[in-house]
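A.B. asks: I have a structure I would like to understand better, so I am pasting it below and will then ask my questions one at a time.
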């Protein structure tokens, strides 16, 4: 049985059973159960017929392959992330100036922090802005020159990134998370994880981040990590040829992307578990953890920022929080929920507009990216908060004022109730929302996590400043009773962290991973409770407007087939399966006798389904099994003549003439009663990972339901 | 369909289908699928027939119940843990002396650290040992008096704990983790999570920890946390009456036990995910995280040790590790694996001896505990490392020498190559192994995590001291090339941490949770890599001798039914289901016609199975459905006479006389082909959580397999 199913499996390349409602013909579902069987029989073959210790050695060598792949992936991801950090920082700083005397080719290869290492920000003589280099004299001409270079370099970076992606690897565009979610959910997407995608996405990401557009590198880094693992997997046939093992390895690798993006290995593992992975057993968790940690340690060893910190915006606070602060924290949570909803709605509206024929940039994706980049640069340059790169902005917003030595953003100006700063923070948050909504989804590598964090940090810090000013003005209010007199009581930086967490929760609807990522960023249990409260409130508020986060929304928008595990209640409550299955009368079935090779060939031509139930006869449709299109095509090889009788024999006897299809028929398809409730079928697809279910009533075929039908049904029910 | 299944469910109290191979008649399996249906229909009933906002409010109120329960559980667990910490510390210190002038009733209620707050350990005048209080003069009599009190108080504490447990709540004995694993795997155990168990386990735990025996409070705290949640759940009928929701809530609560035991909320969540829980969706993870964090924050707010640290043995290191140290770390990992195997083998051997009739303490559990406590005390008193409480010992072993201000254990004596200390550490580790092996499983609340950590820390520190001494003696060896000259290079405390992690991995076979717990204890990413390497090596070494950790071993030993998800490969590879199912010929089936109430009553009396397949007739055994024993008993109520014909009607007509069993028959049982491979059935039981599977061939009943049969089959295949 096993050997047979193994052999058959090798030649079987199933595609979708019913292609009728299909938009993405390239996407195929995998059958987890068959893949696991394949792996089991492969292991048995590997171990068979050898003495004990040889078998042990072989099995050990085989299972060590996946660890080698993961460790190498971790090292590769850590190194790539360090490279992207260094390159995008240098390119980004180039927008404002150059290190050293550029005419004599000074240390132009240094980014601003290294050029001015140790010196105060304003007094760094080595760093020259473009206006200084070109010798602009008046303050107006200085402003113009700097503005021009800022715009020009932003534009060039963004356009290059877009051209790279569109020309060489369209799969490398956008964040890649919706695609990875679909892929890990058990579907096959071609060319999505190749070498070319890896290279283009990495290069494009440097340029995109440097362009200063409202995008992050977190999502794309997850994609890069999966590409690394996928490329390395090609050296191990045992993994590469098994779609289920491939997915387990990719789940593990995905964690390393988030690990290096946020310096949060555990956060990465939980992100993979909570957001990405369909099936995540213990073993995958450990693999994931190993990969994430190796990546983080590699990044720390390379230390691209030369700060000893894993990521730029890692912080430590000097004081705790007070109970009364829970009130602003809840407010921040509510705003985070609204941000998430507003962002998703605006983003979707923009992308629906893009699809219309009157859209000006229709079929001009590079021009579109350039226009958005130009708009971003035009708006950002005059506003100090927006001129900085997102990661630098977030770092500043998270920090306590006493830790900020180079306050070039003007965040910590003296004086109580600095309404100017508060207004500017809120204004920047608004601009950020608008820009993020039009940027996410363009033809450029672009993530949404860092922009969300930046917006959250902006409005969070604004609220923090308001509370701080209020407390300083009226320290004797009962509300502020727990503050010590004449001591700073409110730390606006913590509000920024809480705001960032709340905004992330609103956008992605994750919970644990966000709290853990923030916990690893701040390194103290102290702030876990406020972050948790804000995340929970943000999720509640956002969920009240619709359960789907940005990634699920994009999965629906793109029409990817995907079974969302979180859509647990509601849909199809009272539905009985017999209402939604394709009924027997509409199915193309093969009777066990009476067919010829010719009639079967005609059947293949006339129907586009991916497989056929086999029944005793049309008069008595008792289910005998299921034969896939490919098996049928295979069995009807060229040298079989059209008039050869084909049959499925119950008891093989040697004297029958014709073609016995029995060896190609799967005789144990999963069957259910058509009277079972809908959720049971859903559980079967979701938890067992089957690709199709046949329905029988006392042995008689009643209908068929495929995973993709179910996905589309759920999708249409939701939207 | 739903309403019916809901109503039927309410009266149905299924027990095991086949009781034949059963040792624990009290343990019943739950049917996850039915429980989820129940919950779905409950929610629909709750929301039905109200206007939109009333429905929303009702649903919100309903779903907030679980959060209230979890937050309250967190607060309760944090408070109980603080209470246990304070009480057991005070009681434990009582073995060595009393604070203040006991005759005048001084501050006797203070444990030693509070009595001597701020003063060096040796110079604390307020703390009086028993010999000082009783005025012993000679050094011999001082030793004797102190020894006597040490023995006596140990003995009293241990005996009291044992008497408490045996007299008032036998469920409170031991660690409780194997039982919780079984319970969360989908089985019902009575009285295991009641108020009485909660109180007795908490009190017993204080006494047991204070007795100085080789046991920890981590496992029992998980049990306590589950008891808290279970007691609080009784106030919410919606959760209390649904076994699946109950399990989700308990999974979440379990995390808080580990959270307060190690001060590691994320570690707790991952422990629950990796070790305990059968089914752990996203929602449970977030619930678990909330509960664990609330518990940790409560404990931190109560601050029982007045150190500001969450647990006693939280540490921070001043320096990193060097590449060459990976060699000793791997050695530590190997030893950790061996420790795990040795502990499990010794523990099992001891408990098999206990079952023999010639065992001296047979049926005298209190005497047995007292004897072990006495033995522990006799051995421990002369050895400074063992005299300390486990948590204090671990704290000392983890610390860097420069951070230890009160070195009363003599761990940091000056001088290179202190062979005495090294020998004593290794000797203590050996004693620890022996004592832990006979202590775990006695009739007393006792966990194994802290003893494992202590043994690991002991031998880890010993290896650290060896490496340190070697490096100091021969600093110019190439091996030590990465050390800076004249600087301390090796930190023995880190070896203790790595050793503790390795020993934990050897005992429990967990991976991620251990690393995360250690990460949260040391708070630095720096040491994650060595810990990871040691844990991985320990797991590999231990797994080479047998895949089962201590908890799984106990589950087998106790004959609890449990489907171990980790036993993925190997067992039953080539097996076809038809070889292991109960075949049709051996099943008691009910035909659709021809039975009378009397014949069915006889059937109920003559068979002990928990349900019956319903077939058309014995001649044509086409499966119609399945009726459980309870439903059958219910339908054959008293007022039905023995000669009433009973039947299962296909098409209900009103003019038939007799009892139609159809309303009680489950017409959509899960069926499979008897030719499916074994692992598919296993996946079905494991992932869908069904309780029994019927096998049909073209509609004809072929056999039946229950979850418990499968558990026992797997169990016997492994041992």
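Glycine too: its Cβ is placed from the backbone N, Cα and C atoms.
Owing to the predicted nature of the structure, the values given are computational and were not obtained by experimental measurement.
This is the feature table in TrEMBL:
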type     : residues  : note
TRANSMEM : A:66-84   : transmembrane segment
TRANSMEM : A:147-166 : transmembrane segment
TRANSMEM : A:198-215 : transmembrane segment
TRANSMEM : A:252-273 : transmembrane segment
TRANSMEM : A:285-305 : transmembrane segment
TRANSMEM : A:326-346 : transmembrane segment
TRANSMEM : A:366-386 : transmembrane segment
TRANSMEM : A:421-442 : transmembrane segment
TRANSMEM : A:448-467 : transmembrane segment
TRANSMEM : A:495-518 : transmembrane segment
TRANSMEM : A:524-542 : transmembrane segment
A.B. asks: Counting Cβ pairs under 8 Å to the transmembrane segment (A:524-542), which of A:66-84, A:147-166, A:198-215, A:326-346, A:448-467 comes out on top?
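C.D. replies: When the Cβ pairs under 8 Å are tallied, A:326-346 comes out ahead.
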A.B. asks: Checking distant contacts: for the transmembrane segment (A:198-215), what same-chain residues at least six beyond its ends satisfy Cβ-Cβ under 8 A?
C.D. replies: 80, 83-84, 87-92, 94-95, 153-155, 157-158, 160-162, 164-165, 168-169, 172, 176, 221, 223-224, 227-228, 231, 372-373, 376-377, 380, 387, 389-390, 432, 435-436, 439-440, 444-448, 450-451, 454
A.B. asks: What stretch, picked from A:66-84, A:147-166, A:326-346, has the most CB pairs under 8 A with the transmembrane segment (A:285-305)?
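C.D. replies: The stretch I would name here is A:66-84.
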A.B. asks: Where else in the chain does the transmembrane segment (A:147-166) make close Cβ contacts, counting only residues six or more beyond its ends and a cut-off under 8 Å?
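C.D. replies: Those are 91, 94-96, 130, 172-173, 200-201, 203-205, 207-208, 210-213, 365-366, 369-370, 372-374, 376-378, 381, 387, 442-445, in sequence order.
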A.B. asks: Give residue numbers and ranges for long-range contacts of the transmembrane segment (A:66-84): same chain, 6 or more residues beyond its ends, CB-CB under 8 A.
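C.D. replies: Sequence-distant neighbours of the transmembrane segment (A:66-84): 202, 205-206, 209, 217, 221, 224-225, 228-229, 232-233, 235-236, 239, 245, 249, 252-253, 256-257, 259-261, 287, 290-299, 301-302, 304.
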